[in-house]
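Taken from Swiss-Prot as is:
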BINDING   His2  Ni(2+) binding site
BINDING   Cys73, Cys76, Cys89, Cys92  Zn(2+) binding site
Amino acid sequence: MHEMSLCEGIRGIVEDQARRHGFATVKVLRLEIGRFAGVEKAALGFAFDVVMRGSAAEGARLEILDLPGRALCYDCGEEAAIEDRFDPCPLCGGGRLMPVGGDEMRIKDMEVQ
């Protein structure tokens, strides 16, 4: 389950930010996760609760914000939202697409005290 290692990375970031900015507790942590990031959200939620024990984020509410998949169409030159990596261009029907968004995962923000 790679979600556990993702949460370990999040914990490291939280601990670093707590030292830098002097907060003791994270109340809410918001993650942006792209459609194509390959993250199982239920597993991430479980791993988050386990990995954050003993950290500033112990007991924090995890909010996940879904980011759409995006691709550049080489046929029409436009960028568009797509549901699946192998979808045709929703604008022109072309099949030559290069994904340009939706594979990211990042901390958007945290509510701290």
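Heads up, the Cβ atoms here are built off N, Cα and C, so glycines get one too.
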Integer Cα-Cα distance in angstrom, Cys73 (Zn(2+) binding site) to the residue listed as 'Ni(2+) binding site': 31
Other CB atoms within 10 A, centred on His2 (Ni(2+) binding site): 12
Under 8 Å by Cβ from Cys76 (Zn(2+) binding site), counting only residues of that chain that are 6 or more apart: Cys89, Leu91, Cys92, Gly94
Local Cβ density at Cys92 (Zn(2+) binding site) - other Cβ atoms counted within 10 Å: 13
Cβ-based neighbourhood (8 Å from the centroid) of the Zn(2+) site, residues Cys73, Cys76, Cys89, Cys92 excluded: Tyr74, Asp75, Gly77, Glu78, Ala80, Pro88, Pro90, Leu91, Gly93, Gly94, Leu97
